[in-house]
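Novice: One structure, as C-alpha cells, below. Some questions next.
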Amino acid sequence: MSKVIQKKNHWTSRVHECTVKRGPQGELGVTVLGGAEHGEFPYVGAVAAVEAAGLPGGGEGPRLGEGELLLEVQGVRVSGLPRYDVLGVIDSCKEAVTFKAVRQGGRLNKDLRHFLNQRFQKGSPDHELQQTIRDNLYRHAVPCTTRSPREGEVPGVDYNFLTVKEFLDLEQSGTLLEVGTYEGNYYGTPKPPSQPVSGKVITTDALHSLQSGSKQSTPKRTKSYNDMQNAGIVHAENEEEDDVPEMNSSFTADSGEQEEHTLQETALPPVNSSIIAAPITDPSQKFPQYLPLSAEDNLGPLPENWEMAYTENGEVYFIDHNTKTTSWLDPRCLNKQQKPLEECEDDEGVHTEELDSELELPAGWEKIEDPVYGIYYVDHINRKTQYENPVLEAKRKKQLEQQQQQQQQQQQQQQQQQQQQTEEWTEDHSALVPPVIPNHPPSNPEPAREVPLQGKPFFTRNPSELKGKFIHTKLRKSSRGFGFTVVGGDEPDEFLQIKSLVLDGPAALDGKMETGDVIVSVNDTCVLGHTHAQVVKIFQSIPIGASVDLELCRGYPLPFDPDDPNTSLVTSVAILDKEPIIVNGQETYDSPASHSSKTGKVNGMKDARPSSPADVASNSSHGYPNDTVSLASSIATQPELITVHIVKGPMGFGFTIADSPGGGGQRVKQIVDSPRCRGLKEGDLIVEVNKKNVQALTHNQVVDMLVECPKGSEVTLLVQRGGLPVPKKSPKSQPLERKDSQNSSQHSVSSHRSLHTASPSHSTQVLPEFPPAEAQAPDQTDSSGQKKPDPFKIWAQSRSMYENRPMSPSPASGLSKGEREREINSTNFGECPIPDYQEQDIFLWRKETGFGFRILGGNEPGEPIYIGHIVPLGAADTDGRLRSGDELICVDGTPVIGKSHQLVVQLMQQAAKQGHVNLTVRRKVVFAVPKTENEVPSPASSHHSSNQPASLTEEKRTPQGSQNSLNTVSSGSGSTSGIGSGGGGGSGVVSTVVQPYDVEIRRGENEGFGFVIVSSVSRPEAGTTFAGNACVAMPHKIGRIIEGSPADRCGKLKVGDRILAVNGCSITNKSHSDIVNLIKEAGNTVTLRIIPGDESSNATLLTNAEKIATITTTHTPSQQGTQETRNTTKPKQESQFEFKAPQATQEQDFYTVELERGAKGFGFSLRGGREYNMDLYVLRLAEDGPAERCGKMRIGDEILEINGETTKNMKHSRAIELIKNGGRRVRLFLKRGDGSVPEYDPSSDRHGPATGPQGVPEVRAGPDRRQHPSLESSYPPDLHKSSPHGEKRAHARDPKGSREYSRQPNEHHTWNGTSRKPDSGACRPKDRAPEGRRDAQAERAAAANGPKRRSPEKRREGTRSADNTLERREKHEKRRDVSPERRRERSPTRRRDGSPSRRRRSLERLLEQRRSPERRRGGSPERRAKSTDRRRARSPERRRERSLDKRNREDRASHREREEANLKQDAGRSSRHPPEQRRRPYKECSTDLSI
C-alpha cells in the first residue's frame, strides 16, 4: 500500500469541467482575465447572461462562475501562461470550448507568487501544478541569477546574469514571481512580457505538443536552478485551504508584498523534501537529500505496506504498516549516502571567490539571512542552528585533525629516535646502569588511542585505520529489537558505539557484543561518519525476524566521561537514566594511580566534545528525541547489561560484594578503589565473571573465583545495572532472578587475603565510610587456620530454609554494629515487626519423576497453599530456587490464592502434560532476631569466627543433602546458620525495634493457661516456617490461644510469637517435653519471654517437623515418672536467658563406632526413617550394653552411615535389615547430638491423609487415652529373627485387632507393650520416652476441658499428635504400678466408639476381668507388653486358650438386663470421656528398634 492521504476539502475536490458553446455570432460569452504577465492565474471574469441562463448559447454541464481559476482550456494546461496565450487557445476552438476550473480558496487563489512560494511534496497535485506554472513561464521568460556564467551557458537563454544590485532592483519592482537563494546566489523567475516578443503567440498545437512530453523549446536549466525550485517542500494539500496561513520566505526582512515573493528554496541540492525557514519543517524533509536529483527525478513508489500521510500542519510523514510505526524519514532514501561536510564545495564545484556564501551547504542545511539575527544556518536533520558555516567548520576541524595527526606522527618519530638513541647508548655503555631516559613516556604502538589525550577523540572513516580487535556478529531482530543501545554520532566525525545491552536481548544472548564497541559496518555498509539518526533508522528499517551482519571494533573508549553530569543528556530510551561506562581494559585511561601524568588530559576529554550540551539542548528544544535512540523497541523497565574490565591490584579488585537483598546473586556492596573500579557502581549485580555465569553460585564460590585470579590479571565482569528495586510488597517483579540466595554476607574483594575470614573483634574496626584497602589488613589471617569455608556447609545452607535471611549480615561481615543497624533500617526491615514478602517467578522443567515438590494446604476455604517437601535431586531441588514453605500464588498464570487443594493439583497435572510449569511463589523476606553479644558468625557468611573451627570431616556428608544437615540444629553443630542453636549458630539480623519482652500469665485452680506450644524440630526445610531460620534459632512458638483462657485474657500473647524462655530459663535447646515440665512446675503463674512473631505460621500451618501440645490442663507442679536414661545422658548445657549462644563443645563433631553384638543385641534403639520424614537417631542405650560400654554413643546422636551405607532417605526397615545382616559387628558413622531426640509427629507421615500436615488439629491433654502408633518399637534381641518388615505387618497378626480370628502364636511383643489392631490402627506403646508419660491428675484435669467430638479423620490426626504430649507419656509410665482396676478402665476396648455389639463385647470382657485378676492380666495388652519375662512366662497358646474360653463363657452367661445396665454405666463414663472414633489401620506403626 503506497498512497498519499488527502483531505476531502482539498482544492482538487472542487475542480469541475464546463463546456461552453458559442453563440450565433460566434461569441463565447466568457471573459478571461489575469495571466502570468500580471502575476496571476487566468481566471473567469464576466459571464454572459445567455450562458448563465442556459439558453441556446448556454453551456452543457456545470456553469462557470465568476472569479474561478482556469486550469485547462480545451485540454491545454494554462496555469502560468500569459493572458494572450490563453486567449489564443480559446480562439483556436470553433464551436464549443471545454474549461477546467476551480473556485479560489485560501491556498489556491489567483496570485501566482502566493502559490509558487509554497512548498509541497513531490508527486502531489500542488507540486505538479507548480511545475506546470514554471514550465509555462519558461516559454516566455528566462530566469535570472547573480552567479557567474559557467562553461556552456548562454546568457539570455540559460540565465540572465545580473549583479546583486540589479537583481534586488528587479525584485523590488515586482517583476520576479519567484525569488530564492541557493549556495549564496540569488535566483529569480521574472514575469512574462506583457506582449509577445515577436508579436506571435504560441499556437495550441505547439502547447499540446510541449505539454505532452516534448520540452525541446523549454531551456534546459542547470542543476542549481532545478534544485532551487525543488528545494523546499511543504505538505499542505491536506489542509483546509481557508484556514491555512500564507507561508512566506525568510529571504527578506520586509513583511509586505515583497516578503510574499521570497522563497525558501535555498536548501538542499539533493532533494524534493526539506528545507524552508518556516518552523513547521520536520525530519520528513531531510531524507531525499542524499543524491542530487533533478526536478524530473522520481524516487519511485514507496515500499510495500508503507503509506505517506500529512500532519495537521502539512508535514509529511510515513507509516510502516509492517511494524505499525511512523517515521519522519522517507524509506526510499535511507540507503543513500550523505555527502560529508568537509567534502562539500560551491555550486557545481566552481569557485569564483573564496566566500562563505559561495560554499555548497551540505544536505539538510539551510542558510537564513535574518535582519535581526543576521546570517545563521539551520540543520534540519538534527534540528539545531549555528552561526558558523558548517562546511567551513568541518573543514577547519579536518585541518585541525590533520595537524594533530602530523604532530602525533612527529612525536612518534621523535620517540622512535629517542628510543634508538637510548639503545645505541645502552650498547655503548653496556657495563653501566640503565639511564634515566626510561622515565620518558615510551612509544605508543597504538597512536589512535592517544588522540583523546590531545583534546579530541580519534575518528576515522576508513576502517583500515582503526586500531583494535574486529568482531563480526550476526543478530536476528526480535519483536523487542536487537537488544542494544547506541551512543555517539552527534557529529559526523564521531564514532557510533554500543552503550549497553538489554538483558535477554539478541545481543546479550549472542555474547559477542560489549559496551564501548564501535559500529563499523551494518550489512557490509560502512557507517563510520553516519549520524546517530541515520544508523538507528537503518536498524529500524530491518523487519522483525530478519538478520543483520555487524562489524564491530573493540578498543576505543566511549567519547565522554561517565562521571560527567552532562552525560545525563545522552540517555537511552530503553534504559532510563543509566550512565555509560568506559570498559574493555582501558587502563591507560582508567587508572590515574598508574598514569598520573595523563589524568588531567583524560579528565579533560569531556571539554573536547564537538557537541556542547547547549547544542543537545537546542536539539531537544526543536522537538527531536534524545540523541541516543533505543534499538530495543522501548523496553522502558529492562535493566541493562554492562561489561566492565578491572585489573586486580596489590590490594585486590577494590570492591566488596554481598548477597543481593532480592536474590539472584552477588551485588557490588562497596567501591573501595574508585579509580580501579571505574565503570562499576554500587548495587551492580554480577552476572558473569570472565564469561562464566555466577548468578547460581553461592557467595563463597564467587569469592573463591575472584581470589584465584592472580594479581595484575584483568577480569571481565558482566554486571546488571538498574531494573527493579529491592522487593518489598510489590507484585512479582523479579523475572531476572536466577537464585534466591538470601544471606546477606558481604565480601571484600579489595584484598584477596581478607576474603577468607575475619573475627568479630576485627569487624568493628572497619570504618563506616569508604575505607582504604589497607584498613582490612588485620583481617587477613584466621587463627583457626581455615582458609576456605566448609563446602558442605555452603551446600547444605543453600538447600535449606536457613538461608532465608535476605538482610542478615553476620557480625564479621565487615560492618560495625551501628552500620548493620543503619543498613537494616535503610531497607525498612527493622522498622516493623511484620516481615515483608517477596514474590518470585520460578520456571521448572519436568523430569521423569515429576517436578520434585509437594503441595500442602488448601483444605479449607481461604487456607493458603504452600510448597511442602522438596524431593532431593528432583527438578525443584536441581533448580534451587523453590523452597519448602513458599506460599503458592499462581500456577502458569492462574491465581491459586484461596483456591482448593484439588484445583492446584489439577493445574499441576495440566502442567505435567506440557512438561513445564511457571510458579509464582511468595516468601517472607526477613524475620528480625535479637542480636547477641557473643554471637558466632554464620558459616554462610564470608567470614568465619576464629573460635569456631568447622569440622572438615563434615565434607563427607556432602551427598547427604540438606536433610541430615538440617538436624544439626538441636546438636549445635557449626554447620547450621541458626541463631543460638549451637556453637555454629550465628545471628543474622540486628533489630532495634523488635525486642523480646516478658509475659506473665496467671491461671486459676481449675483452669489451664490456655495456649498451645508448637515446636519445630529436625526438618525445617519440609515445613512452612516462613521466618527462615527463626524456627531453628527459636523452635518453640505459640500455636494457638484458647478463647477465654488466661493466655487470651492477658492480651499479650499472639499466635506465632516465639518463646525464648520460661520462668527465666532459656528453652532454645530444650525439648518439647522439657518445656511442658517447666510450665507444669511453674504452678499457677508462668512467665514467658516472647519475641513477636507472625500469625501466618500458626497452628493451621503445622509442618512435618512440628508437634503440638496444649497447656490447658489444671496440672500441679508435681511431676512423676521421668525417664532416667534421657536425663542422665543429656550432654547439652542449658544456656542462660541472656540469650547468648551456647558455647561450642568438643563433642560437636562426627565419629565412628564399631559395636560387637552382645547377648541382648547391640544395646541401642533407633528412631526415624524416610517413611516418617525423619533422619535416624539413637533413641535409647541399653544399660551395660555394647553401645553404652563403647563410651561414644549418646542418645540423640544422628546416624549417618550404617556399615558404610548412607542413611540419607533410608527407611527404618532398611536400617534394621542392615544391622541384622551385618553379623556380629556393626559399624556406625554418627553425628553428635545434644542429647535430645527429635519427636515424630505421625500426622506428618506420608501414609496419612493427602492433606498432610495442614490437617493437624489442636491436641489437648484430655481424656483421650487411646494410644497411637509408636515410633519406638524396641525389640528384644531374641525377636530379631523376624522379618525386617514385620513391624509393618504386625497388625495383621494381632488377635485383638480382629474379631474373627484368635490370637496368633507368633505375636511380637515389644517393650512398649504394643498390641496392634487393624481395625483401629492403634498401637499401645507402654514404655515410651519421658515426654510421653502423663500423671493421672493432669489427665483428669484435661478431661474437664471437654475436647469436642471430632470426625474419624480429625480424631486420627489428633491422637497421633496427642501421643507426643508429656502427660500421655507420664501416664504410660504410671500404668506399670497402678491397680488392675485402673488398667481395666484404660482398656482400649473402652475407648472405642461404641456401637452396641462392640460395647457388648467390651462389657463382657470387663466383667470377666473383674472376676479373675489372673485372666485380667492375660487379657490386658499393657501387661503383656510390659517385660520380656512376663511374655516368656505366658505362652501364646495359653493366652489364646484363656481368651477364647473367657469369651465363650461371657457370651453364654451374659444377660440383657445386666448388659443394659453396664451400657448405661459406660454411657455415663463416655459423657466424661468422649469415645474415640474408629480409625483405619495405620501402616508402619513401629519404627524404633532396640538392637
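Here the Cβ of each residue, glycine as well, is placed from N, Cα and C on the backbone.
For reference, Swiss-Prot lists these features for the protein:
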- R103, Q104, G105, G106, R107, L108, N109, K110: ATP binding site (BINDING)
- 411-421: compositional bias 'Low complexity' (COMPBIAS)
- 742-752: compositional bias 'Low complexity' (COMPBIAS)
- 1278-1338: compositional bias 'Basic and acidic residues' (COMPBIAS)
- 1354-1396: compositional bias 'Basic and acidic residues' (COMPBIAS)
- 1403-1491: compositional bias 'Basic and acidic residues' (COMPBIAS)
- 300-333: domain 'WW 1' (DOMAIN)
- S357: phosphoserine (MOD_RES)
- S730: phosphoserine (MOD_RES)
- S741: phosphoserine (MOD_RES)
- S800: phosphoserine (MOD_RES)
- S1071: phosphoserine (MOD_RES)
- S1361: phosphoserine (MOD_RES)
- S1412: phosphoserine (MOD_RES)
- 236-267: region 'Disordered' (REGION)
- 411-462: region 'Disordered' (REGION)
- 586-623: region 'Disordered' (REGION)
- 720-832: region 'Disordered' (REGION)
- 932-987: region 'Disordered' (REGION)
- 1112-1143: region 'Disordered' (REGION)
- 1234-1491: region 'Disordered' (REGION)
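Explain the structural surroundings of these features, please.
Specialist: Sequence-distant neighbours of Q104 (ATP binding site) (same chain, six or more apart, CB under 8 Å from its CB) are Y43, G67, E68, L69, K110, listed in sequence order.
Counted within 10 Å of its Cβ, the other Cβ atoms near S1071 (phosphoserine) come to 28, all protein chains included.
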Novice: Does anything in the same chain, at least 6 positions from R103 (ATP binding site), have a Cβ under 8 Å from its Cβ, and if so what?
Specialist: R14, G65, G67, E68, L69
Novice: Rank the binding-site residues R107, K110 by the number of other Cβ atoms within 10 Å of each Cβ, and give the residue at the low end.
Specialist: K110
Novice: Three states by DSSP: which one describes Q104 (ATP binding site)?
Specialist: coil
Novice: If one measures from the C-alpha of L108 (ATP binding site) to the C-alpha of S1071 (phosphoserine), what distance in angstrom results, rounded to a whole number?
Specialist: 100
Novice: How many whole Å apart are the CA atoms of G106 (ATP binding site) and S1071 (phosphoserine)?
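Specialist: Between the alpha carbons of G106 (ATP binding site) and S1071 (phosphoserine) there are 97 Å.
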Novice: Looking only at Cβ atoms, how many others are within 10 Å of the one on L108 (ATP binding site)?
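Specialist: Result for L108 (ATP binding site): 23 neighbouring Cβ atoms inside 10 Å.
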Novice: For the compositional bias 'Low complexity' (411-421), what does DSSP give as the number of helix, strand and coil residues?
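Specialist: Final tally across the stretch: 11 helix, 0 strand, 0 coil.
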Novice: Looking only at the domain 'WW 1' (300-333), how are its residues distributed among DSSP helix, strand and coil?
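Specialist: Going through the domain 'WW 1' (300-333) residue by residue, I get 3 helix, 13 strand, 18 coil.
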